[in-house]
């Protein structure tokens, strides 16, 4: 014998078989139970707020509570659920021109209305996004210079009218929205 080891042999081991029967995955079962409880709570909460018989004035539905109240023009009644139709202003009488206000306050109010109209135009697609941003930046700059001389402010309004006309010709503002924007600016200058 030479003292060498004999090469190792493969040994065979038997794997333990799991116990026969159904094994419950406890973690998955706990997740399913938590999901069912959360869904039931959510459905019960929403269902209660939608089907509640309490329709008092102080109780709002979830979407009513999240949305801002309708804005009313100064001196007008905001239409509410309890406002009769006879008290509401006629639809064609949108915003009468303010003749008693000073020119500076008319220009300031017109710029605020113009900014709102630009936002609405962008939201419904009457004004292209980049043009809406451009007009808003110009309007914000003008609102920031509210103490500048009246001649300067009138020149700013004329610049805005020119910019709106140019963007309308380019097709970035629809003609209906441009007409509305020009009307707002015309009321500001009294023309």
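Numbers here mean position along the shown chain, with the first residue as 1.
Any Cβ shown, glycine's included, is placed from N, Cα and C.
Keep in mind that what you see is a predicted model, and the values were worked out from it rather than measured.
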Region 'Disordered' according to TrEMBL, located in which of 63-104, 105-146: 63-104
Where TrEMBL places transmembrane segment among the ranges 24-46, 162-184: 24-46
